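For reference, Swiss-Prot has these:
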BINDING   14, 15, 16, 17, 41, 48, 53, 96, 147, 148, 298, 316, 349  FAD binding site
BINDING   172, 173, 174, 175, 176, 177, 178, 196, 202, 261, 314, 315, 349  NAD(+) binding site
BINDING   174, 175, 176, 177, 178, 202, 261, 314, 315, 349  NADP(+) binding site
BINDING   320, 351  L-ascorbate binding site
MOD_RES   417  phosphoserine
């Protein structure tokens with residue numbers, strides 16, 4: 001049997017949250033040999049959002065070191081040597097298959113045993129696959145999902161070998177929109193397919209979505225709405241050649257990319273800690289129902305102080321900030337001190353083609369569109385506010401400057417009162433910049 005290893009702190013998972021937790025442990029003075037990161041991936045933590053942006057653009061020839069944590073915030077990049085110098089043990093290519101939280105023991109797929117005093121669950125999410133729904137042919141070659149570096153490498157290789165071929169993107173959310181743009185930029189003929197009446201329906205209003213759909217159409221991307229992929233045709237090599245749609249149509253395809261959502265990976269901890277809304281229930285310090293187990297990033301369901309409700313957030317900004325909060329809380333508790341509870345302002349952003357948008361707050365209540373949302377404008381700039389109980393609770397802005405984006409963030413946190421939707425529509429962005 002493999003030798004048992006013991007650490008004061010163990011982070012399970014090797015994504016963004018894990019990397020930023022390691023960074024904060026170092027900032028808090030962790031001693032060499034106290035901390036280990038155990039990750040299924042073969043590389044140190046990196047900025048996962050880059051996979052659907054810079055990394056997948058073949059002309060850029062971007063390489064991984066550019067995306068190591070903490071490149072996303074302009075911090076020092078954490079190369080493998082960074083962890084070694086800090087005395088942080090990186091245990092890569094290692095999947096934990098069993099967690100006994102009562103015994104504070106983890107077991108890997110090869111039988112290696114790890115003991116800890118404090119555990120941080122940073123296991124992230126897994127992609128939802130079409131095979132999960134029993135879609136015929138969903139395991140064909142050249143059907144891709146994007147979650148990890150290896151996925152991006154396989155996709156990039158296919159994009160190069162199938163240059164000027166036909167690509168079908170299944171899904172109209174974040175991944176669908178970003179990869180649709182990336183595929184087009186890499187000279188593929190792109191069709192997007194999604195069942196909803198417009199793209200990004202969890203965030204976008206119909207007015208916001210109409211701009212992006214128009215912009216993508218002007219770039220030559222074909223959009224098929226209101227139907228789903230119901231099957232795939234393959235050639236003698238098992239490679240996908242067609243996507244069959246539920247409405248009876250078929251689409252030629254050399255490459256298919258699927259982005260239909262993710263699921264938090266919490267099976268290791270099942271029936272050992274409290275769960276809520278699909279994640280591990282935590283307090284405002286990311287401590288679970290077990291005092292020495294913390295959950296950060298995608299897997300944490302935490303108190304959203306601003307809205308007085310429990311939420312789970314899948315986003316890089318929260319992954320970074322929850323990691324920092326948890327580590328600060330752990331170290332403060334050890335010293336008999338306390339820190340303020342997590343007070344998170346929801347934040348989402350995306351970049352595709354020459355576009356760049358940011359959103360802050362909550363997209364609930366009535367919405368008001370302002371600005372120039374004509375897809376054919378040379379420099380489109382528009383936004384939206386969400387109003388609930390006569391207060392502005394959310395704000396979206398496309399094409400904003402850093403100062404303007406900061407203004408909508410401040411607005412979303414301040415939640416100012418508003419006289420009427422008409423006034424807000426007329427004032428537009430100036431309502432935020434004058435707060």
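The backbone N, Cα and C atoms fix where each Cβ goes, and this holds for glycine too.
Checked against residue 315 (NADP(+) binding site), the recorded positions 174, 202, 351, 417 differ in C-alpha distance, with 174 being the nearest. Taking 14, 261, 298, 349, 351 as the binding-site residues under consideration, the smallest Cα distance to residue 176 (NAD(+) binding site) is found for 261.
The binding-site residues close to residue 174 (NAD(+) binding site), defined as a CA atom within 10 A of its CA, are 261 out of 14, 16, 41, 147, 261, 320. Taken residue by residue with DSSP, residue 174 (NAD(+) binding site) is part of a helix. Neighbour density at the Cβ, taken as the number of other Cβ atoms within 10 Å, is lowest among the binding-site residues 14, 172, 261 for 261. Considering only the residues assigned to NADP(+) binding, 174, 175, 176, 177, 178, 202, 261, 314, 315, 349, the longest pairwise Cα distance works out to 17 Å. When the C-alpha distances from residue 298 (FAD binding site) to the recorded positions 261, 314, 417 are tabulated, the minimum falls on 314. Comparing residue 147 (FAD binding site) with residue 261 (NADP(+) binding site), their Cα atoms are 10 Å apart once rounded. Taking the Cα of residue 53 (FAD binding site) as the reference point, the closest of the binding-site residues 202, 314, 351 is 351.
Of the candidate binding-site residues, 14, 261, 349, 351, the one lying closest to residue 172 (NAD(+) binding site) when CA atoms are compared is 261. Per-site Cβ counts within 10 Å over the binding-site residues 41, 178, 298, 314 peak at 298. Distance between Cα atoms for residue 349 (FAD binding site) and residue 178 (NAD(+) binding site): 11 Å, as a whole number. The most densely surrounded of the binding-site residues 53, 202, 315, 320, judged by C-beta neighbours within 10 angstroms, is 320.
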